[in-house]
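Features of the protein shown, as given by Swiss-Prot:
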BINDING   ASP85, PHE86, GLY87, GLY88, SER89, THR90  ATP binding site
DOMAIN    10-466  domain 'Hexokinase'
REGION    74-225  region 'Hexokinase small subdomain'
REGION    163-189  region 'Glucose-binding'
REGION    226-455  region 'Hexokinase large subdomain'
Amino acid sequence: MQPRQPGDEAKQLAELEVVRQMMTPTREVLLELHESFLKELQRGLEMHKRHGITWVPEECSMKMLDSCVSNLPTGAEVGEAYAIDFGGSTCRAVRCSLLGKGKMEIIQDKICLRSAEHRCAKGFMDKKAGGKELFDQFAMCIRGLMDRSGDLKKAEETNTPVPVGFTFSFPCAQAALNSSFLIEWTKGFETGRENPDRVEGKDVAVLLADALQRHNVPAVCKAIVNDTVGTLVSCAYQRVPGTPECRVGLIIGTGFNACYVEPEASNYGYTGTVVNMEAGNFHKDLPRNEIDVEVDEKTHNRGKQQFEKLVSGYYIGEIVRVAAVRVFGARAPEKASVRHSIHGETASTIRDDHSQDKAASIQAIKECWGVTMDLDDIKCIWEICRLVFDRSAAFAATLAVALCYRTGRLDTGSTVGIDGALYVKNQWYREAVEYYTKLVAGDAAKNIHYCIADDGSGKGAALIADVN
C-alpha cells in the first residue's frame, strides 16, 4: 500500500464512519424490514392460491413453493431411514439410525460426480453424459451403504424396501411429496443436454426409482426434499427437550433461504404445511446502500437474489472489498480493485481474529491482495468485516422473528433450525443473531430458540421419508 500522506488518516476514519452508518441498521429500519417481509409473504400466499406451482414474479418476489411436507417428527421415532443428498459435484448416501429422544446416529458414503475416470470431461456433470448414468451412481452409492450396514440383506429377506428421502437441490416444480420435475440445471451441471437421455423436464423421483430397480436396490423414494425444509425437519427431531417445537428453518451459508410451517396452508392451496419460500430473492423495500447497489450491478444475476446478496457468505467478501476500496481511497491495494479478490471465508477469518497483533488478519490480506498492512490499516479491515457480518446477522434475525410471528408461535415459543457454514461455524455470528433477535422482538425474544442443524439436508430428507 502507498504510505500515508498528511490528512490520509483523517480521511480514512471519516470514510470508515460513513461505512459504519451504512452498515448499522437501527431498530426502526429492522422493524420496517420485518413488516415489509410479512407483507410480501402474504402476497406470496395469495399468489399461490391463484396460480398454484406457477411463480408469478410480478406478484411476489419469493416463489413460496409447496414442499408437500405435512408430518413433522416428534423426536420419539425409532428405526432406520436413508437419504440421498445431491446438490453439487459430490453426492452422499446417508443412513440415519433414529434412536428416539431426539437422538440419531449417522453413517454415510460419498461419491464424486466429476469423475476423472468418466469418458466425458466433466464426468457425470457433462452435457454429453446421460441421465441414466448419473442416477445409476445414486443407486449404486445407496446400495453400497445398505450392504455395508446389513440392511440390504435384511430388506431382501423380508421383501421390505427401505424408505429413502432424496435431497435434490436444483430448481424444481414439486407436484407431490415424491414427484418433482427438474426445471433446469445449475451449479455447473449439464447432464443430458447433448444426450438423448435428458434429465431437465423429467420427474427426478421416477428417474431414481428406475435406477434403483436397474440395480436391484430394495428401496423406495418417499420424498423429494429441499435442503432448507430438511433443516427444519432435522431440528424438529433433534430439538432439546423442553424447548418449543421447530416451525422455522433457515440456511445461512454460501446462500440464503427460509421455510416455515404455514398455519393456514390449506386455505392457500398448499398440500403440505411447510412452505419453501426461496427467500433469497426477496427484494421489496430492502434497506440497501450504494455499496450494495455496486455489488449487485456487477453480478451475473443483477437485480435477482437481492436479499441473499446482503446476507450470504458468497457476497459478504465482495461487500467487504468494495467498502475497503472506498475507505482506503487512493491508498487501496491494486489487487483490491479485482472483483471477488477477497472471499467470505477470508472475511470470516479476519472477523474471527481477536488477537492484539492481528497476525492472522495480516496474513489473510497478504494472500488476497499481496500487501502487508500495518496494524492501523488491518484494524480498519477488521472493523469493516465486523460491520458487514453484523448487518447480515441483523437481517437474518429479522426474518427469523417475522416467521416466528407468522407461525403464530412468537408468544408461546418457536424453535428456528439453522444450517449453513456462516451460522454453524462461527460463534460470533450466532451471538450477533441472538443480539438482533432481542433488538427486533423485544421481550418476545425469550420465546425464540435457535437450533443448529448441522447436515440438516441429509438428516432431514431421511426423516421426511420415515414420517411421511
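Keep in mind that glycine also has a Cβ here, set from the backbone N, Cα and C atoms.
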Cβ-Cβ under 8 Å with the region 'Glucose-binding' (163-189): same-chain residues at least 6 beyond its ends: 53, 65-69, 81-89, 122, 125, 142, 199-206, 208, 212, 219-227, 230, 271-272, 457-458, 460-466, 468
Additional residues surrounding ATP, by Cβ distance to the ASP85, PHE86, GLY87, GLY88, SER89, THR90 centre under 8 Å: CYS91, ARG92, LEU113, SER169
Nonlocal neighbours by CB distance (under 8 Å) for GLY88 (ATP binding site), same chain, sequence gap 6 or more: SER169, LYS187
Number of Cβ atoms other than its own within 10 Å, given for ASP85 (ATP binding site): 28
Residue distribution over DSSP helix, strand and coil in the region 'Glucose-binding' (163-189): 0 helix, 15 strand, 12 coil
The domain 'Hexokinase' (10-466) [mean pLDDT, rounded to integer]: 95
Fewest other C-beta atoms within 10 angstroms, as judged across SER89, THR90, which are the binding-site residues: THR90
Per-residue Cβ crowding (10 Å cut-off), top of binding-site residues PHE86, GLY87: PHE86
Assigned element (helix, strand, coil) containing PHE86 (ATP binding site), judged by DSSP: strand
